[in-house]
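Notes follow the structure.
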Amino acid sequence: MSAAIWVVVPAAGRGARFGAPMPKQYLQAGGQILLAHTLDALLAHPAVAGAMVVIGPDDADWPGWSEWAGKPVLTCIGGATRAASVLAGLQALPETVRADEFVLVHDAARPNLSPADLGRLLEVGRADPVGAILAAPVRDTLKRAGDDGGIDGTEPRERLWRALTPQLFRRHQLSRALSEAATAGVEVTDEAMAMERQGQRPLLVEGSEDNFKVTTPADLDRFEFVLSRRAG
């Protein structure tokens, strides 16, 4: 079997768009916080060795876990942006994680990752020299808006995908890509964007639409419905 993989989970965001009194990754669903569901999904896979959870400097809600599902859970302090937090997590990984080893990055508030999706990503991504991301083809019709709010045109969607997580890259390549983007003053919105700036072409691995990010109260309601259906 290939070397075990660590996952970096950026959880330093405050979730301001959600409007809750605490970061959304700490909201309850089905008897435990969202972050617990996320760790369940990640650490259940036999290839995942442990998790580096990146938290905010004033995070009073972090439960203080040191292990989950019998695997180590480490923490470090993140930065002002997602990219800065991911970079901090990569730098804080144990020394046993070599520079050329693949590392996963997964959103803390994306708790409904399926074992099948994670397995496909690992299988495809580790066979590629660059890596891969989970993504979903765009199925809705896309409109381009003008400054006045009117429609300026309809965009072709045939080759458009929505980026999901996890995303899988080699530790040193992703660290360099994120660092160079920060030096250039470029705000990257996911890890693949940083790699693209390096001239790399990560693979797209189709993932389930159920692997959604909890961003609004409606998303939380949707996840609770999923949990209720799963419980029977």
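Glycine too: its Cβ is placed from the backbone N, Cα and C atoms.
Swiss-Prot annotations:
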- Arg17: site 'Transition state stabilizer' (SITE)
- Lys24: site 'Transition state stabilizer' (SITE)
- Arg157: site 'Positions MEP for the nucleophilic attack' (SITE)
- Lys213: site 'Positions MEP for the nucleophilic attack' (SITE)
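Under the three-state DSSP scheme, Lys24 (site 'Transition state stabilizer') falls in the helix class. You'll find the Cα of Lys24 (site 'Transition state stabilizer') roughly 10 Å from the Cα of Lys213 (site 'Positions MEP for the nucleophilic attack'). Rounded to a whole number, the C-alpha distance linking Lys213 (site 'Positions MEP for the nucleophilic attack') with Arg157 (site 'Positions MEP for the nucleophilic attack') is 22 angstrom.
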